[in-house]
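*Asks:* Structure provided below as structure tokens; questions to follow.
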Amino acid sequence: MTPPPPPPPPPGPDPAVDSSTDPCPEPQSLVVLFGATAGALGPDLGSDETDLILLVWQVVEPRSRQVGTLHKSLVRAEAAALSPQCREASGLSADSLARAESLDKVLQQFSQLVSGDVALLGGGPYVLCTDGQQLLRQVLHPEASRKNLVLPDTFFSFYDLRREFHVQHPSTCSARDLTVGTMAQDLGLETDATEDDFGVWEVKTMVAVILHLLEGPNGHLFSKPEVVKQKYETGPCKADVVDNETVVRARGLPWQSSDQDVARFFKGLNIARGGVALCLNAQGRRNGEALIRFEDSEQRDLALQRHKHHMGVRYIEVYKATGEEFVKIAGGTSLEVARFLSREDQVILRLRGLPFSAGPADVLDFLGPECPVTGGVDGLLFVRHPDGRPTGDAFALFACEELAQAALRRHKGMLGKRYIELFRSTAAEVQQVLNRYAASPLLPTLTAPLLPIPFPLAGGTGRDCVRLRGLPYTATIEDILSFLGEAAADIRPHGVHMVLNQQGRPSGDAFIQMMSVERALAAAQRCHKKVMKERYVEVVPCSTEEMSRVLMGGSLSRSGLSPPPCKLPCLSPPTYATFQASPALIPTETTALYPSSALLPAARVPAAATPLAYYPGPATQLYMNYTAYYPSPPVSPTTVGYLTTPPTALASTPTSMLSQPGALVRMQGVPYTAGMKDLLSVFQAYQLAPDDYATLVPVGDPPRTVLQAPKEWVCL
């Protein structure tokens with residue numbers, strides 16, 4: 001008995017057929033699709049995160065040149081409000097949308113009607129065809145992701161009519177600048193100008209353009225559809241050079257978000273393999289930022305349109321980034337990391353707080369048999385210091401999301417006497433953490449840079465300053481001067497002070513020193529709550545003392561002033577106790593840079609006519625979050641200098657051994673076993689004179705001698 005023939009394949013693209021390798025691929029049925037949202041239209045479609053309200057489609061059979069029935073369906077949106085642009089172009093109202101079907105039911109009707117039309121026309125598999133990429137990439141896929149809908153496979157490949165038109169007519173403008181009207185005009189097609197049904201004219205015109213392309217001299221074939229990736233592919237970044245036009249920076253991410261959450265935020269756009277790199281701060285914790293690498297520049301441009309779209313209740317800022325920034329975060333994969341990340345489709349978890357004595361068997365026992373690690377011991381990666389000491393961190397691989405969820409339930413479970421934290425992680429985070437501990441530089445701990453000497457601020461309690469709050473983070477001094485308008489003429493020289501946060505980024509605050517109290521009050525009354533770059537800015541009077549406190553790291557709020565962290569008792573000028581008279585190894589000009597206890601000899605005997613060293617007074621304090629001064633003619637000082645001891649504090653002027661400020665080098669983190677030769681080898685190429693060996697001064701433990709190898713040195 002002969003078995004019955006197999007059933008015909010369902011409508012949709014056949015994954016077994018690779019059209020890119022077939023020299024003469026079988027033409028597929030085309031479904032011309034048009035859609036609109038309740039917000040922006042045209043090139044900005046989907047940029048405002050509004051819901052889909054309309055779908056119009058029609059089937060075209062390329063072989064017989066026949067077309068099916070034109071269908072139009074309204075979609076009920078969660079937010080019924082229509083933008084003025086949409087209301088004018090579509091003629092729809094909130095009442096008509098309220099009676100429409102939901103998106104999931106409309107998609108079911110779409111699949112049923114398209115399958116019926118394709119069968120009537122004698123076609124087989126079909127592919128969507130749209131005007132541009134916004135409808136699928138920026139509207140349908142993101143909205144389906146937000147509403148937890150599963151789109152049919154047919155929505156993961158499509159033809160961009162603009163690109164297909166540009167292939168046959170390359171002399172026209174770029175594909176990105178084409179529209180349905182310009183394509184019809186270039187082909188000399190007559191369109192129905194009386195058609196006023198929104199979306200119908202666009203679909204009819206697109207069908208006419210497609211039929212004209214099919215009947216062209218070369219018989220244009222729609223053979224290479226655009227592909228939308230269904231899932232994000234994890235893995236190490238192996239590229240040494242990354243195109244600057246393919247990278248964006250996402251800011252404001254929830255700290256617990258993973259690379260899969262970031263990929264879901266950019267649903268519909270093709271992210272390169274291993275292209276999500278979550279950024280870490282100096283402590284190795286996530287700072288709410290990520291660098292994302294896309295497959296091409298067009299995907300990156302579409303990603304920039306998702307600026308201030310939402311991930312849950314948080315809006316995410318999206319900015320341009322460079323390939324160099326991405327390589328710094330995601331690159332530099334070692335052999336150990338590459339081997340660990342070589343397994344694809346694995347979920348990575350990070351374990352933190354492990355006992356230093358814990359081994360692979362202890363971690364596997366902690367996780368338990370209900371959530372096995374992929375590969376057992378091979379699926380664990382322990383983070384260690386360069387000398388082999390454990391850091392208490394480890395990474396584990398799990399085969400699926402269910403096993404990872406089971407492992408996350410062990411969060412803050414006990415291993416020995418310590419509780420263990422478990423978090424979702426990414427391949428880029430594995431690389432960053434391992435790179436942080438992979439190698440130790442010759443001088444591992446660098447001293448903080450010396451800041452320029454701040455411009456002296458006049459004392460007084462008069463409210464002759466104004467404070468600007470809520471500035472855009474991109475605001476410059478020129479923007480502030482333009483914002484103040486006529487009041488900018490009353491600013492004192494060097495009177496504009498921008499405030500940075502602890503990460504060195506603008507905090508949105510600034511202080512302006514005015515010529516008088518009256519001018520400051522007038523500027524505050526005139527400019528309070530004026531708008532700068534779509535943000536209103538608060539302008540309130542304040543005193544110079546309040547400004548100084550904030551610039552030094554304190555805070556100013558309605559509850560009053562809080563002192564900055566640097567305002568400690570040791571920072572005020574001490575009593576002038578004299579030291580033992582001895583040859584000065586470190587001149588008085590540089591003693592203000594180091595703690596006085598580190599510079600004192602072991603014995604202290606009162607003596608006269610010796611230099612006195614103390615911390616700089618309030619007039620020369622380091623303004624830790626001060627950034628820039630408003631330049632006045634000729635220019636503000638820009639050179640970096642040292643804080644010097646006031647001349648009145650010197651009983652006598654010793655002979656300085658420093659010919660210039662740059663001759664002072666401080667070495668921190670020197671091994672206890674380091675000797676004189678080890679220190680001199682560091683400065684081998686800097687021509688340290690033999691008679692200058694005595695200028696190696698131990699710091700930090702006065703009772704030790706040079707031969708006892710102190711922890712810290714000052715080299716002169």
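For all residues, glycine too, the Cβ spot is worked out from N, Cα and C.
Sharing the features that Swiss-Prot gives for it:
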| type | residues | note |
| --- | --- | --- |
| COMPBIAS | 1-14 | compositional bias 'Pro residues' |
| REGION | 1-24 | region 'Disordered' |
| MOD_RES | Ser83 | phosphoserine |
| DOMAIN | 246-342 | domain 'RRM 1' |
| DOMAIN | 347-427 | domain 'RRM 2' |
| DOMAIN | 464-544 | domain 'RRM 3' |
| MOD_RES | Ser562 | phosphoserine |
*Asks:* Across the domain 'RRM 3' (464-544), what does the pLDDT come to on average, as a whole number?
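*Replies:* On average, pLDDT over the domain 'RRM 3' (464-544) sits at 90.
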*Asks:* Non-local Cβ contacts of Ser83 (phosphoserine) (under 8 Å, 6 or more apart, same chain)?
*Replies:* Ala38, Gly39, Ala40, Asp48, Thr50
*Asks:* For the domain 'RRM 2' (347-427), what does DSSP give as the number of helix, strand and coil residues?
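*Replies:* Taking each residue of the domain 'RRM 2' (347-427) in turn, the totals are 21 helix, 30 strand, 30 coil.
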*Asks:* Could you find out if DSSP has Ser83 (phosphoserine) as helix, strand or coil?
*Replies:* coil
*Asks:* Helix, strand, coil residue numbers for the domain 'RRM 1' (246-342) per DSSP?
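*Replies:* Grouping H, G, I as helix and E, B as strand yields 30 helix, 34 strand, 33 coil.
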*Asks:* Counting by DSSP, what is the helix, strand and coil composition of the domain 'RRM 3' (464-544)?
*Replies:* 26 helix, 35 strand, 20 coil
